[in-house]
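The domain 'Flavodoxin-like' annotation in Swiss-Prot covers 4-189. Residues or ranges marked as FMN binding site by Swiss-Prot on the basis of sequence analysis: 10-15, 78-80, 113-118, 133. What Swiss-Prot lists as NAD(+) binding site is 12, and the listing cites sequence analysis. Under the heading substrate binding site, Swiss-Prot lists 98.
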């Protein structure tokens, strides 16, 4: 059994929705055990509430549990072309795992969201840098998801990983195409993890 962790941070719910789609795709793969968790919130509760943050029910992960998984699919909103501060804070606590090589050879993939589309690819590739330092095997999705060829509408989605465009005010929710790409990413990564674990 290959253990897959979908680990995310979501303030307004877009990445949370994408995380569930990623997990749905991963759950299609026989031999995959899928867990969804989130990184801890670092904002003060009153500031989080004033900013319109959405309460989420996923359990909170700890850095120490990451070696328990064969693949980790990270989800983070874009903050100025980078991962969110909450995800950065979480990953900055993995120094002990890095020192011991605990994540070496594990699969890693990334999905993201942006307000207007700016920085979605940069967020994914800049997150890869941290994962590469851990010796993780980075898994992009390429162009196998046919939705990536559709240019008839505004949508997220890149060969690097699934994305969604939330709109400047956060009112746009992930489209069916974006969710389909996210499901593909989950299924693809889980399939690789099962093969490598087999």
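Including glycine, each Cβ sits where the backbone N, Cα and C put it.
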Three-state secondary structure, residue 14 (FMN binding site) (per DSSP): helix
The domain 'Flavodoxin-like' (4-189) [mean pLDDT, rounded to integer]: 95
Residues near residue 80 (FMN binding site) in space but at least six apart in sequence (CB under 8 A): 119
The one of 10, 14, 78, 98, 114 whose CB sees the fewest other CB atoms within 10 Å, among these binding-site residues: 98
Sequence-distant neighbours of residue 118 (FMN binding site) in its chain (C-beta under 8 A, six or more apart): 78, 81
For the binding-site residues 12, 116, the one whose C-beta sees the most other C-beta atoms within 10 angstroms: 12
Three-state secondary structure, which DSSP defines for residue 116 (FMN binding site): coil
For the residue listed as 'substrate binding site', the one of 10, 12, 14, 114, 116 that lies nearest, given that the binding-site residues are compared by Cα: 10
